[in-house]
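Asker: Would you mind keeping the following structure in view while I ask a few things?
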């Protein structure tokens, strides 16, 4: 009798414990109260702020070019790769020599700046920081014009979108709408000013981007983002669900605790948890964790000591090129580490060098890398991660994206997941690598956003 009572007690306690854990995992915290006008500029906030919007022109000036080329010519000899090793240990220095030679002799700085300047560039001061953005208005007539904010990630800038901007602003068959595009540089990235104050995490960046859109006259708008831009956008759709009409992301991810548990449970029956075509993108977890451990060294450095690595990268353009090329290559095709290029040849070299040149010109490798540290240092980030958003969301999963989650996990964060496509091509820098595919999906998803919002408003 005592054994039965003991057994029943254990079962009861286990059931209660399981119920409490389930409740805890699914519980939604209260949104934190945040200062939506927090000052990130130097010194104290002035009584009157400059709200003007100024035309901006990208200039790779002769002084910068001369200094850069002298540094490249005077770099110390690179250490040769080990015998039989291509890119498995990192950048292949023989291949890096080719990139440096191209940057020195064939990359046309003035022409590339001219190409970037074919769009309308502006700067405006938001919460004390000069924020750079592109704004392009469609020329098509008789169509709905939908405001679309594009947000990039590290080590990128609004340059990442220069292939897709004309596609988004041009008329398409089947659709009665077109986009007015605002492609912004995140603060501390590209031509946007960084802060001298701690705490500028993805939540706070999301607030700045929302305030930028309000400055431009958009009280409601659409979002498209990847990488850190997607994290900032995810916080935006959580904090401002009534202002964002749809969120399209090429790096969809739920960071809710319940999602992590589901990923672990899915490993017990992978073929049930994930479409059999995509099981290998997440399971076995041992393989996934091995990949993440091998390829996330830079992540750990930047999440802990970004200023230290920044000294080396800010001083050596050859080192900066090696660092950025290697990381952009592996997330464009991680199956090509057995080649000298390590995956980077899935992108056009001029596009890659545009990115590196912009980082070098603005000396922003430190200010951009700090986002990794700030994202893990502030409790508001984790709180907002754990709050689902009602905003209609569309996900596109490219083959070589860093992480993959099936829809049943994504819905923890995005319950109104109106579109989800998983492709057997492409990588992390979708706007550069597969621009047409990305734009096709943005248009398709936006049509679903419009339907969703029309039904909601009936």
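Cβ coordinates are placed from backbone N, Cα and C, and glycine is handled just like the others.
Quick paste of what TrEMBL says about this protein:
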ACT_SITE  227  active site, nucleophile
ACT_SITE  372  active site, proton donor
ACT_SITE  428  active site, proton acceptor
DOMAIN    54-161  domain 'Epoxide hydrolase N-terminal'
Asker: Just to verify a number: CA distance, residue 428 (active site, proton acceptor) to the residue listed as 'active site, nucleophile', in angstrom, no decimals.
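Answerer: Residue 428 (active site, proton acceptor) and the residue listed as 'active site, nucleophile' have their Cα atoms 8 Å apart.
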Asker: For residue 227 (active site, nucleophile), list the number of other Cβ atoms lying within 10 Å of its Cβ atom.
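Answerer: Here the count is 25.
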Asker: Take the domain 'Epoxide hydrolase N-terminal' (54-161) and count its residues per DSSP category (helix H/G/I, strand E/B, coil), listing them in that order.
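Answerer: Each residue of the domain 'Epoxide hydrolase N-terminal' (54-161) counted once, the result is 37 helix, 25 strand, 46 coil.
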Asker: At 10 angstroms around each C-beta, which of the active-site residues 372, 428 has the fewest other C-beta atoms nearby?
Answerer: 372
Asker: Roughly how many Å lie between the Cα atoms of residue 372 (active site, proton donor) and the residue listed as 'active site, nucleophile', rounded to a whole value?
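Answerer: It is 11 Å, counting Cα to Cα.
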